[in-house]
Amino acid sequence: MAFFSTVSHTYFTIIATFAILVLFTGSSSAQLSTDFYSKSCPKVFSTVQSVVKNAISVERRLGASLLRLHFHDCFVNGCDGSVLLDDTDSFTGEKTAGPNNRSIRGFKVVDDIKAAVEKACPGVVSCADILAITARDSVVTLGGPDWDVKVGRRDSKTASLSDANSGVIPPPTSTLNNLINRFQAKGLSAKDMVALSGAHTIGQARCITFRDRIYNETNIDSSFAKTRQSQCPRNTGGRKNLAPLDLQTPTAFDNNYFKNLLDQKGLLHSDQILYNGGSTDSLVETYSKNDKTFDEDFVTAMIKMGDIDPLTGSSGEIRKNCRKPN
């Protein structure tokens with residue numbers, strides 16, 4: 001009887017210890033949920049949506065910019081709102097990093113959204129969550145798929161220029177292996193990567209990012225190259241000139257991006273490399289023929305991306321101003 005009692009006590013102690021370990025070692029993304037603000041800020045989704053719709057009605061390109069902010073935030077130290085921080089005396093943030101400088105935009109819209117949310121429920125909703133919700137609303141406003149956004153992230157108190165410059169954000173010159181590896185490092189599969197690349201069905205790119213492709217690469221439609229060359233000189237000038245990433249419907253979220261790749265009309269090297277005799281060709285073909293499959297895989301990938309290393313619980317803070325720590 002004494003032996004049974006000892007074994008029983010030991011058994012339950014082990015089970016209790018294991019349960020505690022699971023609790024504290026589980027992924028912080030498991031703490032995110034779609035109803036996180038159901039009581040503390042029930043109007044958060046409608047409030048964000050209203051500001052996003054108004055902003056995009058004025059300038060449709062902003063939809064792509066706001067979606068891109070979420071991506072650039074999540075790939076550098078997780079989805080923590082760090083991309084929004086202005087430089088301070090104690091740190092140089094991410095805004096002037098190579099992948100971001102004179103490239104990411106939409107900060108004023110985020111300011112407007114934060115102000116509206118703060119009015120509805122002060123000190124409750126994080127800037128990181130605002131980026132996640134805004135990305136979804138931008139896609140929906142431009143005709144893309146809808147999904148339930150998981151929330152509950154908290155905001156970083158700092159940002160790092162060096163981390164943003166460390167190569168975690170793939171450049172437009174990326175090879176296919178480079179793209180696959182960088183996404184896999186964030187827990188995203190090759191299929192996720194191709195689906196997320198479909199975000200280039202909206203938005204524009206600067207001449208400096210595609211100049212080499214339109215003059216020097218051979219896997220490009222000649223008439224398409226000539227069209228782009230007219231606004232992007234070979235050697236100097238025009239580096240800031242913009243061209244649509246999707247030639248056909250640059251402000252509509254659809255699957256034409258993938259159809260363009262089949263015709264060798266991908267604007268960036270990192271676009272066309274997805275359909276260039278490699279392992280992702282079949283995915284591009286599938287998405288070009290079936291927009292429903294693309295939408296489903298895009299939504300899955302966006303939710304996974306939003307789960308990248310969020311700050312939750314007592315980590316970080318809820319910023320009052322998305323541009324600076326409290």
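From the backbone N, Cα and C atoms, a Cβ is placed for every residue, glycine too.
Where the annotation comes from TrEMBL, it is an automatic prediction and has not been curated.
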The disulfide recorded in TrEMBL for Cys41 goes to which of Cys121, Cys127, Cys207?
Cys121
Among Cys74, Cys79, Cys127, cysteine joined to Cys322 by disulfide in TrEMBL:
Cys127
If you count other CB atoms within 10 A of each CB, which of Cys121, Cys127 wins among these disulfide-bonded residues?
Cys127
Using a Cβ cut-off under 8 Å and a sequence separation of 6 or more, which residues in the same chain sit near Val76 (Ca(2+) 1 binding site)?
Ser82, Val83, Glu94, Ser160, Asp163, Ala164, Val168, Ile169
Near-site residues: Ca(2+) 2, ref Thr201, Asp246, Thr249, Asp254, CB cutoff 8 A to centroid:
Ile202, Gln248, Pro250, Ala252, Phe253, Asn255, Asn256, Tyr257
What's the CA to CA span in angstrom from Cys232 (disulfide bond) over to Thr249 (Ca(2+) 2 binding site)?
20
C-alpha spacing of Cys41 (disulfide bond) relative to Asp246 (Ca(2+) 2 binding site), in angstrom:
37
Which number gives the other C-beta atoms within 10 angstroms of the C-beta of Thr201 (Ca(2+) 2 binding site), all protein chains shown included?
31
Roughly where does the domain 'Plant heme peroxidase family profile' (31-326) sit in mean pLDDT, to the nearest integer?
96
